[in-house]
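Visitor: Pulled from Swiss-Prot, these are the listed features:
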- 1-37: topological domain 'Cytoplasmic' (TOPO_DOM)
- Ser24: phosphoserine (MOD_RES)
- Thr28: phosphothreonine (MOD_RES)
- 38-59: transmembrane segment (TRANSMEM)
- 60-63: topological domain 'Extracellular' (TOPO_DOM)
- 64-84: transmembrane segment (TRANSMEM)
- 85-104: topological domain 'Cytoplasmic' (TOPO_DOM)
- 105-125: transmembrane segment (TRANSMEM)
- 126-163: topological domain 'Extracellular' (TOPO_DOM)
- Asn157: N-linked glycosylation site (CARBOHYD)
- 164-184: transmembrane segment (TRANSMEM)
- 185-192: topological domain 'Cytoplasmic' (TOPO_DOM)
- 214-248: topological domain 'Extracellular' (TOPO_DOM)
- Asn227: N-linked glycosylation site (CARBOHYD)
- Asn239: N-linked glycosylation site (CARBOHYD)
- 249-269: transmembrane segment (TRANSMEM)
- 270-289: topological domain 'Cytoplasmic' (TOPO_DOM)
- 310-339: topological domain 'Extracellular' (TOPO_DOM)
- 340-360: transmembrane segment (TRANSMEM)
- 361-386: topological domain 'Cytoplasmic' (TOPO_DOM)
- 387-407: transmembrane segment (TRANSMEM)
- 411-431: transmembrane segment (TRANSMEM)
- 432-490: topological domain 'Cytoplasmic' (TOPO_DOM)
- Ser446: phosphoserine (MOD_RES)
- Ser455: phosphoserine (MOD_RES)
- Ser464: phosphoserine (MOD_RES)
- 491-511: transmembrane segment (TRANSMEM)
- 512-524: topological domain 'Extracellular' (TOPO_DOM)
- 525-549: transmembrane segment (TRANSMEM)
- 550-557: topological domain 'Cytoplasmic' (TOPO_DOM)
- 558-578: transmembrane segment (TRANSMEM)
- 579-582: topological domain 'Extracellular' (TOPO_DOM)
- 583-603: transmembrane segment (TRANSMEM)
- 604-658: topological domain 'Cytoplasmic' (TOPO_DOM)
- Ser646: phosphoserine (MOD_RES)
- Ser647: phosphoserine (MOD_RES)
Amino acid sequence: MIPCRAALTFARCLIRRKIVTLDSLEDTKLCRCLSTMDLIALGVGSTLGAGVYVLAGEVAKADSGPSIVVSFLIAALASVMAGLCYAEFGARVPKTGSAYLYTYVTVGELWAFITGWNLILSYVIGTSSVARAWSGTFDELLSKQIGQFLRTYFRMNYTGLAEYPDFFAVCLILLLAGLLSFGVKESAWVNKVFTAVNILVLLFVMVAGFVKGNVANWKISEEFLKNISASAREPPSENGTSIYGAGGFMPYGFTGTLAGAATCFYAFVGFDCIATTGEEVRNPQKAIPIGIVTSLLVCFMAYFGVSAALTLMMPYYLLDEKSPLPVAFEYVGWGPAKYVVAAGSLCALSTSLLGSIFPMPRVIYAMAEDGLLFKCLAQINSKTKTPIIATLSSGAVAALMAFLFDLKALVDMMSIGTLMAYSLVAACVLILRYQPGLSYDQPKCSPEKDGLGSSPRVTSKSESQVTMLQRQGFSMRTLFCPSLLPTQQSASLVSFLVGFLAFLVLGLSVLTTYGVHAITRLEAWSLALLALFLVLFVAIVLTIWRQPQNQQKVAFMVPFLPFLPAFSILVNIYLMVQLSADTWVRFSIWMAIGFLIYFSYGIRHSLEGHLRDENNEEDAYPDNVHAAAEEKSAIQANDHHPRNLSSPFIFHEKTSEF
């Protein structure tokens, strides 16, 4: 009996959820100094990195041709689905932590730690790789003199390490980490300057492309491409067409456009850094959703315009995969424009680097504040109001990686952390919107201050009616003809269906990735399995759609629920399956290190665990409440609010201005 009780207690520790109360949304140790424009600049700068100067040429030449503009449109729509889920959580829970916090308040502590641990990895590798790219781009402007010097005098001949240590990248990371430690407002100002220069350069590229472009480059005939291939002595493709495709707007067909969209999806990664600023924004409930959606829109317009200008200036099959824009300008006779492009590329890399460094210490700070990482990492500088220990320590780790390692083999690990976070946030939105408690619990503030209250139909329900609905048992009738109000049974059903949906999507992704040849050959087993997966997917989504949602309103809510989050989960898991086996092995090693930290330290020092244990002790020994009051106040020193541990209630918008 005792081992079973211990196992049950251990399992409850893994799924305990963080309680975020209304008062704690304003309570922060950080400095609230960021505006909506600061968030837009941060999102655009982080997302619109150097990829806009390189990715368009690579995808247009190999996958999409001129239809790369459609590829970016599809990728933008897929990214917006994830962005909208982040936007709703940013409005509901405007606290530091991003996807880590959103997972913690919805599905529990273990999944939250997994999410946060992988976000840390993504930001560290992203910071290191962008710093080395910045160093390499600057070295190109100096005719590679820095690299030649370091290769001569500091060459490293060890497997897995870089060819030479990158001192320049180390200095760059430490400089920006120091800037962030100095203050968020100063960092935001520097970011806005670099982002503005980047946008101006991209506008120049678009205008120049449309002026010097030729629509004929979108209408190249197949015969012309065959002649080009024959003169270059290139063998034809398997279907008899040129290696450059069939010509026209979609030379590689719609499948090529979709393949390009999968690659372009990663060009929109980075907006999630906005969600880590919840405790540093003046009005986070409105600024975070606006910042996320606006930054994604601006980035799409930039990617769309640059890719259109590039393919109009130069035939897609002649594009240079590494430096498409400078080569394209030389092709149209504007050679000196390459210096403008180089300046824009350095500014883009600078904002991208700042966008990687900025959220990294904030996720670490949030996890340390909750007790899941070492408490010293939650220390806040009294003058600058920044997590100085987390900033400097994470910057030092990123600098060390940039100094020693060849990061090309590790970059794919960034994708796992990001895509997993996207998937979990979408799943959390589904689970949260069908919880029963959000409509019945009345916040301790007036409707006028609350801004958006519950609907009259819900608030007019008597307590006895609500209790009757909560006690309603499960049956097939409640599955297909549920009540008007969410119950605990309907919420549990949705939670189960969301989990089952994730495993179903995983199976569908594996089938369409590794069994695609069997599907194209119309083999019976593959078609039957594909049909089964699709039917179950549609049935589960429709069943979730039939369940009653809570009536609570916030500043921003994901539209088209549950279809949009479900499709976001499908896209993200499919892209995760595309990653190589070596990437998953490295990911497993990183997770093993994380689990060692969590099960040896985090699970025992969790703030939620201490507060729940204290609450249980008060229930068991009510006569000792006064004797334990002093200890309780010490534990709640960082909380400053009463807690309702029986409900995973997440408070809605509080429209006060900071």
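A Cβ is built for glycine as well, from the same backbone N, Cα and C atoms used for every other residue.
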Visitor: Between Asn157 (N-linked glycosylation site) and the residue listed as 'phosphothreonine', how far is it from one CA atom to the other, in Å?
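Guide: With distance taken Cα to Cα, the residue listed as 'phosphothreonine' is 48 Å from Asn157 (N-linked glycosylation site).
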Visitor: Where's the emptiest Cβ shell within 10 Å among the recorded positions Thr28, Asn157, Asn227?
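Guide: Among the recorded positions Thr28, Asn157, Asn227, the sparsest Cβ neighbourhood within 10 Å belongs to Asn157.
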Visitor: Which residues, given as numbers and ranges, are at least 6 beyond the ends of the transmembrane segment (558-578) yet have a Cβ under 8 Å from it?
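Guide: Hits for the transmembrane segment (558-578): 78, 81-82, 84-85, 87-88, 262, 265, 415-416, 419-420, 422-423, 426-427, 429-430, 433, 501-502, 505-506, 508-510, 512-513, 537, 541, 544-545, 549.
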Visitor: Hey, which bits of the same chain come close to the transmembrane segment (64-84), Cβ under 8 Å, at least six residues off its ends?
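Guide: That would be 56, 217-218, 245, 248-252, 256-265, 267-269, 271, 292-293, 296, 299-300, 303-304, 307-308, 311, 316, 422, 425-426, 558-559, 564-565, 567-568, 571-572.
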Visitor: Is the transmembrane segment (164-184) in contact with the transmembrane segment (411-431), using three or more Cβ pairs under 8 angstroms as the rule and ignoring pairs under 6 apart in sequence?
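Guide: No, the transmembrane segment (411-431) and the transmembrane segment (164-184) are not in contact.
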Visitor: Under DSSP, is Asn227 (N-linked glycosylation site) helix, strand or coil?
Guide: helix
Visitor: How many Å separate the Cα atoms of Asn227 (N-linked glycosylation site) and Thr28 (phosphothreonine)?
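Guide: Between the alpha carbons of Asn227 (N-linked glycosylation site) and Thr28 (phosphothreonine) there are 67 Å.
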Visitor: Ranking 105-125, 164-184, 249-269, 340-360, 387-407 by the number of C-beta pairs under 8 Å to the transmembrane segment (38-59), which range is first?
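Guide: Comparing 105-125, 164-184, 249-269, 340-360, 387-407: 340-360 has the most Cβ pairs near the transmembrane segment (38-59).
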